[in-house]
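First up is the structure itself, then whatever we jot down about it.
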Amino acid sequence: MESEQLFHRGYYRNSYNSITSASSDEELLDGAGVIMDFQTSEDDNLLDGDASVGTHYTMTNGGSINSSTHLLDLLDEPIPGVGTYDDFHTIDWVREKCKDRERHRRINSKKKESAWEMTKSLYDAWSGWLVVTLTGLASGALAGLIDIAADWMTDLKEGICLSALWYNHEQCCWGSNETTFEERDKCPQWKTWAELIIGQAEGPGSYIMNYIMYIFWALSFAFLAVSLVKVFAPYACGSGIPEIKTILSGFIIRGYLGKWTLMIKTITLVLAVASGLSLGKEGPLVHVACCCGNIFSYLFPKYSTNEAKKREVLSAASAAGVSVAFGAPIGGVLFSLEEVSYYFPLKTLWRSFFAALVAAFVLRSINPFGNSRLVLFYVEYHTPWYLFELFPFILLGVFGGLWGAFFIRANIAWCRRRKSTKFGKYPVLEVIIVAAITAVIAFPNPYTRLNTSELIKELFTDCGPLESSSLCDYRNDMNASKIVDDIPDRPAGIGVYSAIWQLCLALIFKIIMTVFTFGIKVPSGLFIPSMAIGAIAGRIVGIAVEQLAYYHHDWFIFKEWCGVGTDCITPGLYAMVGAAACLGGVTRMTVSLVVIVFELTGGLEYIVPLMAAVMTSKWVGDAFGREGIYEAHIRLNGYPFLDAKEEFTHTTLAADVMRPRRSDPPLAVLTQDNMTVDDIENMINETSYNGFPVIMSKESQRLVGFALRRDLTIAIESARKKQEGIVGSSRVCFAQHTPSLPAESPRPLKLRSILDMSPFTVTDHTPMEIVVDIFRKLGLRQCLVTHNGIVLGIITKKNILEHLEQLKQHIEPLAPPWYYNKKRYPPSYGPDGKPRPRFNNVQLNPIAEEREQMEEEVHLLNSTVL
């Protein structure tokens, strides 16, 4: 077992084992980086090429120059590139925050010197509000453009408006005087493709022609979308929320939030939604908003040169994305806080709220749906809910949790199969096949032929006298002039029963196709399909409860509040609760989801049913696995993301996780003043590690600091170009004072300025529960493991993720004794007659045995080295 090799057995004098490093970007390795302490003295200044103008980061030459004379060690200019990050690496949160504090102190110290410095200080203070304002404006404008274009192209599959080609079906018939109440969607200005091509509006020929054109346009839109994604911006596919969560946790993915991704995602999102695939645009709108935030952040040095500050803008941008997706500014802020953000200080909360406000205002000004609302399926209910209805609401929550658990497992299994087989090598073919199957099956059913947002709108809408949908085909003799609130519960007509049958087929279709659609190489959101599935189930349950109350109003559960001729049950409310339950079961969101749905309805009295359904769906889903769909895709893609929601309950130690391992080569270390430039360059060329511990000497082995591979390479190259006398045999010095050298020796190179003098360290006996907590809360890239100041190994974020995965895969839960005997598991007692150790309901035999050996070797280390 792999877990048996988590220990290093040779802690004697020269037993350094290497840091394990990934060989490909697919592993997305968080390499061993450097954690810099920027509170330095004069001769400890740090190199950082991304620092703001005016900061003097130096590389000094030891030679005969006094190391305390800082000004004599200055280079002509800062070294560009030092302090930046490579692609697929994690940022150093501590280092970035220290950089920002240093920049802030420098600006405050200069703002009283002149009016220009005061202006620069004010610009720096307001730059955060400016960038979120621009992000909100761009997000709202793009969301309005996407909504309008998607509606027009969706209707293009059925026909075209001859009077104005840019009108969709509804807009085309607005000004017509020839529409009737029963057929309000038909007008002379709107022509179906059958009318244009064969001149028939009714009959089998017309149906077949419209069927063929529907499939043609669906395949054309899907093919164009996947082709644009494949050729111009591969990062534009998918939802984007798993990657944004990873980026906000500190991971670097170059180009994922770039201008090409923004442009292609905006275009292909319209095409993907119009193709009729079982996906939504709400999730990708978060990606679009984050692209806007990332692009605008480069206009302000405060954010362009600091990765941690840039992530504050991205958190605000994600709030703006949800704000325009659902018309829920407050829900967007809570979504950013609960679901995607890794670091969320108070000022980011204010700016997220402001960005969501600006984005919602812009979208409301555009009014893309023509209903003065931010979303298509905005509804208002006026009938109160009753205590008995909590029971069907909770049943909908159970359904949502079961659906979420099923979808996560089925979709992850399909995505894993796609990655491991040849099928994943042909993304265009996959999209075409899925689009063809969706179009062929969707057209005959009017509820699957509808745009998903329009379907949700119809399911949410309560039946009134002005509704002509089949869902409102009740038997009644009411006067149509009565207001909606006075309509009592009525017996269902033939249209309602026919609609229920069609909705059941639509439910099965949506469940199956959503599993295969989410994850294909086009922009694909999950919010709307999940809400549609829940809304269908909720509407069916709502109609059933409504008819039960009508025919059995004398039952004790109804007679107190639901008499004859009263409006008791609102099926649309059940659809809304079911939509929230299914979305919560898939994403495991709670507070933000309730607020989003609450803002959709505009009523306070339905918060309790929503809370009951959402919490039930989360509990049921957590019973099958605590991961939401986004966390599951993060783990599937191998992103280095430590989820703060998960609890580490195992009792392993830092020595169980650290590298070196027994079979690894020696750990590559640097000495503070005994190595030459050639020695360091050879070590860099022969290894792939991203950082090197610096020790005092081979004899002492005491930790001095940590040097980053990237900084070493850049500093040496810059020194060769700009400093005379630096050759391969030049001594490299990381100490404060350069040791005395023979007169004929070449000029030494002093690199103390790039050395992290205070790397995070833990002892070998530190519990991993504490180590994981430190990594999560401080955003560490790595920490060193020591014993009495002597370096024993290193722990990176990747090592922690591997350890967590090994514990999940190799540790079997405990069971009754007869089960162990049946399966021939290891007995409860060891060969010495003592009980085997058990930790937190798991059995860790190999780890316990290795820990005993480790303690013996540490004792040997204390007696020999110290």
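Every residue gets a Cβ built from N, Cα and C, even glycine.
Since the structure is predicted, the reported quantities are computational estimates derived from the model, not experimental observations.
Listed features, source TrEMBL:
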{"type": "TRANSMEM", "residues": "126-150", "note": "transmembrane segment"}
{"type": "TRANSMEM", "residues": "214-236", "note": "transmembrane segment"}
{"type": "TRANSMEM", "residues": "256-277", "note": "transmembrane segment"}
{"type": "TRANSMEM", "residues": "284-301", "note": "transmembrane segment"}
{"type": "TRANSMEM", "residues": "313-337", "note": "transmembrane segment"}
{"type": "TRANSMEM", "residues": "386-408", "note": "transmembrane segment"}
{"type": "TRANSMEM", "residues": "428-447", "note": "transmembrane segment"}
{"type": "TRANSMEM", "residues": "499-520", "note": "transmembrane segment"}
{"type": "TRANSMEM", "residues": "532-553", "note": "transmembrane segment"}
{"type": "TRANSMEM", "residues": "573-598", "note": "transmembrane segment"}
{"type": "DOMAIN", "residues": "658-722", "note": "domain 'CBS'"}
{"type": "DOMAIN", "residues": "755-814", "note": "domain 'CBS'"}
Find the average pLDDT over the domain 'CBS' (658-722) in the predicted model and report it. 85
Can at least 3 Cβ pairs under 8 A be found between the transmembrane segment (284-301) and the transmembrane segment (386-408), with each pair 6 or more apart in sequence? no
Thinking of Cβ pairs under 8 Å, which stretch from 256-277, 313-337, 532-553 has the most of them with the transmembrane segment (386-408)? 532-553
Among 126-150, 214-236, 428-447, 532-553, 573-598, the most Cβ pairs under 8 Å with the transmembrane segment (256-277) come from 214-236
Stretch winning on C-beta pairs under 8 A with the transmembrane segment (214-236) (pool: 126-150, 313-337, 428-447, 532-553, 573-598) is 428-447
Report the DSSP secondary-structure composition of the domain 'CBS' (658-722) as helix, strand and coil residue counts. 24 helix, 17 strand, 24 coil
Cβ-based contact of the transmembrane segment (573-598) with the transmembrane segment (313-337), 3 or more pairs under 8 Å: yes
Short question: which residues 6 or more past the ends of the transmembrane segment (126-150) have a Cβ under 8 Å from it? 266, 269-270, 273-274, 281, 285, 288-289, 292-293, 296-297, 299-300, 302-303, 312-313, 316-317, 320-321, 323-325, 347, 351-352, 354-363, 365-366, 368-369, 376, 451
Taking DSSP helix as H, G and I and strand as E and B, the domain 'CBS' (755-814) has 25 helix, 19 strand, 16 coil
